[in-house]
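Novice: Structure below; questions to follow.
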Amino acid sequence: MPRTSLLTLACALATGASAFSYGAAIPQSTQEKQFSQEFRDGYSILKHYGGNGPYSERVSYGIARDPPTGCEVDQVIMVKRHGERYPSPSAGKSIEEALAKVYSINTTEYKGDLAFLNDWTYYVPNECYYNAETTSGPYAGLLDAYNHGNDYKARYGHLWNGETVVPFFSSGYGRVIETARKFGEGFFGYNYSTNAALNIISESEVMGADSLTPTCDTDNDQTTCDNLTYQLPQFKVAAARLNSQNPGMNLTASDVYNLIVMASFELNARPFSNWINAFTQDEWVSFGYVEDLNYYYCAGPGDKNMAAVGAVYANASLTLLNQGPKEAGPLFFNFAHDTNITPILAALGVLIPNEDLPLDRVAFGNPYSIGNIVPMGGHLTIERLSCQATALSDKGTYVRLVLNEAVLPFNDCTSGPGYSCPLANYTSILNKNLPDYTTTCNVSASYPQYLSFWWNYNTTTELNYRSSPIACQEGDAMD
């Protein structure tokens, strides 16, 4: 036996590892690396867009996405943010004001980092596109939704027999409804028109707890959110650089922030954005952190009441998990907004920083990176696993959280197969820790006090398709 093979075998015996793992059959003389030593996810602008840019999968812990050996997914509960969209009308107004300053110098030739403006046009065709989901380019929102449905058909199609009518649920906002429809087309294919039943749940506060978008109108922890400045020193540096390259522009740090907001939306509608390179990597990192602050203090664990808001979904999904697929059903697909997913994560107690995020500097290494949590099309999937006994765990039922297609361990409850949590333990933890929504948010007694639509749903297909044109800047489709 060659010396190299003996050495491999000796090392394997000493460590208990297989001598032939990771492609040991590949000739030892090859110079090609089996694994790349370059990991550049941290440099991707998609991770510094905050919640504005195209979907990207969460950076994982290396836990296999497929079910652990000996386990089968028997129930899925998903909540998905709408797909990629154009800016909101309010953001559009600020963007147009910043662009007006850029164009005010009446130059025939922009220079430096803005030289591309000599050929560039704004990607929003007219004001009616504000709020709408995008339909053009490889990152288009409706394309994202359809592809996601198709991917989940491949992953979870075994949970549908091809004959029963499956209800799925959308909040009553225009782009959310369109996302749900495209996802449904991707998942059900030709059967979408007959075997899927879209249920649209109003976003009105009078829905109380029977909602995908519960509100907390008595929220008394919004002081930090209300006083966020959306500024870091790097924006002043960017303004000075762009002004020096194009005299007379007179951009401020606030203008730069609005231009970066504009840049962060462009890929939603186009395959390429020159605006990305108009700002440095440091400036993008700063922007991403400003977005982290916005979500943390305005719709996440930085607001002590958000866990109660998210508890509505967390508690109802816990009931589904304990009822199981035979009693409750196997598939629960839900569609809402980014700021409806972040409270759920707060309620579950995952991705909580050890201390509040500082406002005056970037907190590197904190777990609350919004580009990894709720990009456009972001989604939280709860899997119920039916598992056989292994050397490490008993036969039984387990729970896994999957955030943007990366397994997210449930805090210290990871004793199950694939670092899953035993359903009994998951239930005990949530029953102990979930706050009460109706009490915390002083929900009117005349409003619904719990989520019921997962059990009381329609099975008609009347809402599967639009019956009227999309309105200009359409928001709440149920107004």
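Each residue, glycine too, has its Cβ placed from N, Cα and C.
Note that the structure is predicted; figures quoted are calculated from it, not measured.
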Novice: Name the residue among Asn191, Asn340 that Swiss-Prot annotates as N-linked glycosylation site.
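Specialist: Swiss-Prot annotates N-linked glycosylation site at Asn191; the rest carry no such entry.
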Novice: Using Asn425 (N-linked glycosylation site) as the reference point, find which of the recorded positions His82, Asn315, Asn442, Asn458 has the shortest Cα-to-Cα distance to it.
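Specialist: That would be Asn315, nearest by Cα distance.
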Novice: According to DSSP, does His82 (active site, nucleophile) fall in a helix, a strand, or coil?
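Specialist: Its secondary structure by DSSP: coil.
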Novice: For Asn191 (N-linked glycosylation site) and Asn106 (N-linked glycosylation site), determine the Cα separation and express it in whole Å.
Specialist: 56
Novice: What is the one among the glycosylation sites Asn227, Asn425, Asn458 whose Cβ has the most other Cβ atoms less than or equal to 10 Å away?
Specialist: Asn425
Novice: Whole-number Å only: compute the distance from the Cα of Asn250 (N-linked glycosylation site) to the Cα of Asn106 (N-linked glycosylation site).
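Specialist: Asn250 (N-linked glycosylation site) and Asn106 (N-linked glycosylation site) have their Cα atoms 13 Å apart.
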Novice: In Å, rounded, how far does the Cα of His82 (active site, nucleophile) sit from the Cα of Asp338 (active site, proton donor)?
Specialist: 8
